[in-house]
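After the structure tokens below, expect a handful of questions from me.
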Amino acid sequence: MKSHDLKKALCQWTAMLALVVSGAVWAANGVDFSQSPEVSGTQEGAIRMPKEQDRMPLNYVNQPPMIPHSVEGYQVTTNTNRCLQCHGVESYRTTGAPRISPTHFMDSDGKVGAEVAPRRYFCLQCHVPQADTAPIVGNTFTPSKGYGK
């Protein structure tokens, strides 16, 4: 009887391992990680992306600045933030990128820390890249007085 239980457990573990491996292969299928500086081994801070357009004007008070370049392939995870390689306090002078705002170092209680606050770490929650494309739906938005083009 013990031999039967051992075989059953071994079959279950083999099936689980096959499921995990096939899931990982399926998840990574078609993803090109070679352009990511974290994977390609490019020296941190050495990448200088060419600007695709000038900084765009703001349309309302406290609008987060828009991103004037592509962010395709950028990794922003809990362990790494590709945006900070150019916009971080340590690197913005050498890259020519705008420095991250001091407000990004404040926590939810208003205390200023030495590192980017967790609630401000994921840049693409507020800052969005722009593309010169036709809108999907009509837009009648007009900038606040004194803002916009």
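A Cβ is built for glycine as well, from the same backbone N, Cα and C atoms used for every other residue.
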Taking His4, His104 as the options, which does Swiss-Prot list with Cys123, Cys126, His127 at the heme c 2 site?
His104
Residues sitting near the signal peptide (1-27): Cβ under 8 Å, six or more positions beyond its termini, same chain?
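Same-chain contacts beyond the flanks: none.
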